[in-house]
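Copied over from TrEMBL, here are the features:
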type	residues	note
DOMAIN	4-88	domain 'EamA'
DOMAIN	101-234	domain 'EamA'
TRANSMEM	16-36	transmembrane segment
TRANSMEM	42-64	transmembrane segment
TRANSMEM	71-93	transmembrane segment
TRANSMEM	99-119	transmembrane segment
TRANSMEM	131-147	transmembrane segment
TRANSMEM	162-182	transmembrane segment
TRANSMEM	194-211	transmembrane segment
TRANSMEM	217-235	transmembrane segment
């Protein structure tokens, strides 16, 4: 009995680190492909393609029988994507430019997003969230450090905006992921992927409140569609 228990614990520990590393690779891929997509297309196209993540999450969940495919769930995905298109302005085809590389890297950012959702979901169910985050961000840092311009990594340390860099790191890549992992332990990966789509809404609101940005009527309609869809899905999942 003791050897069996020890072997079982080793197996669980191994899968915990595998899922944690997958989450780290997913975060690194999401950031990297997203910026590549912006460079080769536009912010609106890159953001819209990245937020196809719920489609990948639901497809994987349906294939592996994690979730049951329903018209309501597909309708929710469609509603969120429509809201994002309206919010980002991706519907203005005449003013947009997109290359094949921009489209592929944008979709790769969405797939990477799905990878870190599944990675954190499975890792948090097998071990402590703190350890999962530490392992994931270690992998994330190693990957990005290996492909980054080392001089550009050093430059911010002498910048007058160093405080903003630290604040962005602590809140954007620190506290937000801690809260996300805590939350994902209490819900399914598909639901978490949909709720995370509120992110462009909060980003837009911060832009309005802190940066003096302005939203037009179409963008506000997009925000309402996203919030309404996510709220209805969350309530439905509880029932």
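For all residues, glycine too, the Cβ spot is worked out from N, Cα and C.
By the count of Cβ pairs under 8 Å, the stretch nearest in packing to the transmembrane segment (131-147) among 99-119, 162-182, 194-211, 217-235 is 162-182. For the transmembrane segment (217-235), the residues of the chain that approach it from at least six positions outside its boundaries are 73, 76, 79-80, 82-89, 91, 191, 194-195, 197-198, 200-201, 204, judged by C-beta separation under 8 angstroms.
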